[in-house]
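> Dropping a structure here in structure tokens format, bear with me for questions.
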Amino acid sequence: MSPQERRKKRQQAQSAAQNKAAVNGQIAVSEEVEALSVKSDRRSELILIVSVAIAAFLIFLRTVAPGLIFGDGTELTTAAYVLGIPHPTGYPLYMMLLHLWLKLPLGEVIARANLFSVLCASGTVAISVLIWRRVLTSLLPKWPLKAHLLGAASIALFLGFLRNSWENSIVAEVYALQLLFTVGFLFTLQRFEETRKPSNLVAAAVVFGLALTHHRLSVTLALPLAMAFWWAKRRVTDFPWRRSLTSALLAVLACQSLYLYLPIRAAAQPPINWGNPVTFAAFLNHVRGGEYMQFQLLQAFPGRPFSLESYMNFFFLTLRHLIGEIATQVFPATVQFVTDVFPRPFAVPSAPFFVLGLCLIIVALFSMRLWAKIQPLTAMGAALVVLQNLVVIFIYNIADIRDYYLFVMWVVWGSVCVGALVGLQALLQRFISRALRPEYAYAFLLLPLLPLTSNFSRCDMSKSDEPEVFAQLVMPNRTDAMPENSILITMGDDPIFLSWYRQLVRRERTDVLVFGANFASRAWYRTFFTPSQIEKYQIRFADRIAQGAAEFAEQVSNAIIERNVGRYPIFTTIDDPLVLQELSKRYTLKLVAQQVFVMRSFWGPEPVRVRRIEPKRF
């Protein structure tokens, strides 16, 4: 090879090396720019999530109940305060979390418990932003980042301000945390579908395991989790499904160890010890909710199973109620309450709102179909949870079934909002023929104003004092109204739950013996009293559940009245006319206080009466 040829070849090699270096440099710059862009997107998403969560928190905080509440909240708070056992299923995780939260110096104990629900609801709103942002990014890829972020934020806030969700966000109850777990589980499924990383599937199992130790409705997450493993085995190349399945099972089992809280604390005989689950049989019965399943699962009335005719009536009333509830989550509607057919109250909507509910369901199904095309695992997981929730709603005959609608409404209304944005994109393409400009996306923030303005007055509990007035009516602080060392015989949840809280948390009227008449035949109820109390008041417990008013009155009389009437002042909130008629045959009943309260919106105003029981005068 001549010197000229060698020189030319060397120059070509140098030129090729320079070109290669330039290309590599461009690639490196491109990768760096892309990394910076991703980092910027994540920062924008994080800022938005924090902002939305704070906004939701402040709205909920503005409307939170300031003190005592009707319902299970006071019992749950009292049980958490004393590390006791609440009504089935015991809610061990909630008890431990709430007990720790109550240690914070944030006002009265019940106010702290209400605030815990505010925190859980705000967390749900934050996770909702993550879920719906990914849905919008996949469904509307031509939209700019700002549109995706603001669209997701508006949907998340919209869902947070739905009536059922809002009502559960401002009182001490288990359902705000339950919705947080369910939405969090759905997010882990979505992350797994995006990344195909086994760690995300194991994370879903951890969320499922923790949720199981909180509320039995979480069993509806088992089927979507199993489906995710099946999907991974079929769709993900080289997915270590055996190892992942083993890790997931171990995680779920490890979480179930939290249920040891129940027998451990029950053995310590706390003042709230529902079910006394110290034996395996009692533990199993409490965890599975046997006390309620026996009388309310597929039961037209407690102890009376459905006939085909009665169930069909129940089914169609529930269906009409559910469809109407979808519409009334946002739009205040006039409904007719049907309360005299079954123990469950049915809010039957007017024809226009029934039609509106049907239309919303159709839009939601259309959106779910679009969602299933882009994220089949996540969409099917959400659909499976909804379907299982619906099965529970149609077979479990309890009065407060509306709390079981939370995730159903989250999916339905979230899908409706997505459908509305997809429809907006179609209109833009058809009539304007251009993509959505970033500044237009701020208009999305008007979306949550609809439920916010519609539900604010309905959900605002910031000035609620009825429970406090109720509690003072039932067990007055004034000894001239209820003398020292009185006996208070309650009937129903609210009188005894509020009295427990006042005695065990506030240390008010600890001289009064509170006896729950509806627990007189429960063997575990003995653990609520000290041996000295049982001896002093000669308390007796029935060995079977009463069948009819006469037997119930007999049990209550034998349990607490017969050996104490004339010895101690005895008061009662029993208001069943048949039971009162039976008691009046033995004792003199004197009405000493009465007032009307709205304890449940679906029942309307209810009179509460307190009577004094005295020896019969002939």
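Placed from the backbone N, Cα and C atoms, the Cβ positions cover glycine too.
Whatever TrEMBL says is automated annotation, not expert-curated.
In case it's useful when we look at the structure, here is the feature table from TrEMBL:
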type	residues	note
REGION	1-20	region 'Disordered'
COMPBIAS	1-11	compositional bias 'Basic residues'
TRANSMEM	46-69	transmembrane segment
TRANSMEM	81-102	transmembrane segment
TRANSMEM	114-133	transmembrane segment
TRANSMEM	145-162	transmembrane segment
TRANSMEM	174-192	transmembrane segment
TRANSMEM	204-232	transmembrane segment
TRANSMEM	244-262	transmembrane segment
TRANSMEM	346-366	transmembrane segment
TRANSMEM	378-398	transmembrane segment
TRANSMEM	404-428	transmembrane segment
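Explain the structural surroundings of these features, please.
Using a Cβ-Cβ cut-off under 8 Å and counting only residues 6 or more beyond its ends in the same chain, the transmembrane segment (114-133) has close neighbours at 45, 48-50, 52-54, 56-57, 60-61, 64-66, 69, 73, 97-98, 101, 106-107, 148-149, 151-153, 155-157, 159-160, 165-166, 168-173, 176-177, 179-180, 183-184, 186-187, 190, 378, 410, 414, 417-418.
Sequence-distant contacts of the transmembrane segment (145-162), counting only residues of its own chain at least 6 positions beyond either end whose CB sits under 8 Å from a CB of the stretch, comprise 41, 44-45, 48, 51-52, 55-56, 59-60, 121-122, 124-126, 128-133, 135-137, 169, 329-330, 409-410, 413-414, 417-418, 421, 436, 438, 440-442, 444-448, 450-452, 455.
Same-chain neighbours of the transmembrane segment (174-192): 72, 76, 91, 94, 97, 116-118, 120-121, 123-124, 127-128, 130-131, 134, 165, 168, 200-201, 203-204, 207-208, 210-211, 214-215, 217-218, 221, 224-225, 228, 232, 375, 377-378, 381-382, 385, 403, 406-407, 410, counting only residues six or more beyond its ends whose CB sits under 8 Å from a CB of the stretch.
Same-chain residues lying 6 or more positions outside the transmembrane segment (204-232) and placing a CB less than 8 Å from one of its CB atoms are 89, 91-94, 174-175, 177-178, 181-182, 184-185, 188-189, 192, 196, 198, 239, 241, 244-245, 247-249, 251-256, 258-259, 287-289, 376-377, 380-382, 384-385, 388-389, 392, 404.
Here the transmembrane segment (378-398) has long-range neighbours at 131, 182, 186, 189-190, 193, 217, 220-221, 223-224, 227-228, 292, 296-300, 314-315, 318, 322, 342-344, 368, 371-372, 404-405, 407-408, 411-412, meaning same-chain residues at least 6 beyond its ends whose C-beta is under 8 angstroms from one of its own.
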> Counting only CB pairs under 8 A, let me know which of 46-69, 81-102, 244-262, 346-366 has the most with the transmembrane segment (404-428).
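Answer, by Cβ pair count: 346-366.
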> Can you tell me which parts of the same chain pack against the transmembrane segment (244-262), counting only residues 6+ beyond its ends and a CB-CB cutoff under 8 A?
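85, 90, 92-93, 95-96, 198, 201-202, 204-206, 208-210, 212-213, 225, 229, 232, 277, 283, 286-287.
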> Could you tell me what the rest of the chain brings near the transmembrane segment (46-69), counting residues at least six beyond its ends with Cβ under 8 Å?
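Beyond its ends, the transmembrane segment (46-69) has Cβ neighbours at 108, 110-111, 114-115, 117-119, 121-123, 125-126, 129-130, 149-150, 152-153, 156-157, 160-161, 166, 169-172, 452, 456, 459-465, 467-468, 471, 498, 501.
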